[in-house]
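These features come from Swiss-Prot:
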BINDING   Arg13, Arg62, Thr93, Lys154, Lys253, Ile254, Arg255  GTP binding site
BINDING   Cys20, Cys24, Cys27  [4Fe-4S] cluster 1 binding site
BINDING   Tyr26, Gly66, Ser117, Met188  S-adenosyl-L-methionine binding site
BINDING   Cys248, Cys251, Cys265  [4Fe-4S] cluster 2 binding site
DOMAIN    4-218  domain 'Radical SAM core'
Amino acid sequence: MIDKHGRNIDYLRISVTDRCNLRCIYCMPKMKGYIQENNKISCSDIFKLLRAAVSVGINKVRYTGGEPLLNEEISKIIYETSKLPQINDIAITTNGILLPQMAKDLKKAGLKRVNISLDTLKSDTFTKITNFNQITKVIDGIDTCLKLNLKPVKINTVLIKGINDLEVNDFVNLSREMPVEIRFIELMPIGEGAKIYEKGRVNIKELLMSRSDLIPIESLQNSTANMYKIKGGKGRIGYITPISCKFCSTCNKIRLTSMGTIKPCLHSNQEIDLKPYLNNEDVLVEKLKTIIFNKTFQHHINEENISRSKKMMYQIGG
């Protein structure tokens, strides 16, 4: 569906849980309660929303969390999604820890692509960022997805000054050896990330452009990443800068939180609760049409005195 700014909104990100098995320093506090089960949307609620979403032009779906693989019904959710003929792309964003034992079943259910969060290639730094020593499982998860041909396998790497910013070359070299897409992501001042943003933010473009061997390549339509490759490399490298160089004019997505609210913009405090409309498909469709048509043109997160999202990243499903 086309919004009032002329953008085709065809991409829905769905958070299926706010739970996670890591505690990344920019995302989730070490000690944190979760949404009560009776306040979450159920599997059947997700399907109701999906049916309404495809009727207004949604054709791409990504499942997020929290950690989406902690939702015991994730395979069922993906399978039911795959039965909708209008949906041509089903993906997940995961920390990868559970992929070694789950990836095969997820692909069988209909999963097409995987984004894996990995901020470091060093075990001690992984523990410092995530508060858990699980890097081996994540690496195994990447290998499993490559063997299953869940491609392109994208690795999301949030750069934090003084912690992992000196690993840029290590990740670039990884793209030389493996058929993966490395995507360096700007630290965002949301939730826990806001506490370390001023000291932790990195000029990703400047770091990458210090290399003379990067060859620019054309990005896909509506892609949020600026893409490059190395001559002879098996993979690709890119960077995503939603704060310093926002790409709102080509944004094509809306988000559904695990509480059943729609966020037209990740960085806005605006949320619309869809739970009251779940049992009336006609009303639900009309509500979605209104939300999409009125989607804000751009975020203002780097400006003062604006209405920022007050939720943590894991609650939003960023």
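Just so you know, the numbers here start at 1 and follow the chain as drawn.
Note that Cβ sites are derived from N, Cα and C of the backbone, with glycine treated the same way.
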How big is the Cα-to-Cα gap, in Å, between Cys27 ([4Fe-4S] cluster 1 binding site) and Arg62 (GTP binding site)? 19
Given the binding-site residues Cys20, Cys24, Tyr26, Gly66, Cys265, tell me which ones have a C-alpha lying within 10 Å of the C-alpha of Lys253 (GTP binding site). Cys265
For Thr93 (GTP binding site), find which of the binding-site residues Cys20, Tyr26, Ser117, Cys248, Cys265 come within 10 Å, Cα to Cα. Ser117
In three-state DSSP terms, the structure that Cys248 ([4Fe-4S] cluster 2 binding site) belongs to: helix
Within 10 Å of the Cβ of Ile254 (GTP binding site), how many other Cβ atoms can you find? Include all protein chains, please. 24
Let me know how many other Cβ atoms fall within 10 Å of the Cβ of Cys265 ([4Fe-4S] cluster 2 binding site). 20
Taking the Cβ of Arg62 (GTP binding site) as the centre, how many other Cβ atoms fall within a 10 Å radius? 20
How many whole Å apart are the CA atoms of Tyr26 (S-adenosyl-L-methionine binding site) and Cys248 ([4Fe-4S] cluster 2 binding site)? 23
For Lys154 (GTP binding site), the number of other Cβ atoms found within 10 Å of its own Cβ: 21
How long is the line from the C-alpha of Arg255 (GTP binding site) to the C-alpha of Ser117 (S-adenosyl-L-methionine binding site), rounded to the nearest angstrom? 19
Taking every pair from Arg13, Arg62, Thr93, Lys154, Lys253, Ile254, Arg255 (the record's GTP binders), the biggest C-alpha distance in Å rounds to 21
Across the binding-site residues (Cys24, Cys27, Cys251), the Cβ with the fewest other Cβ atoms inside 10 Å is that of Cys24
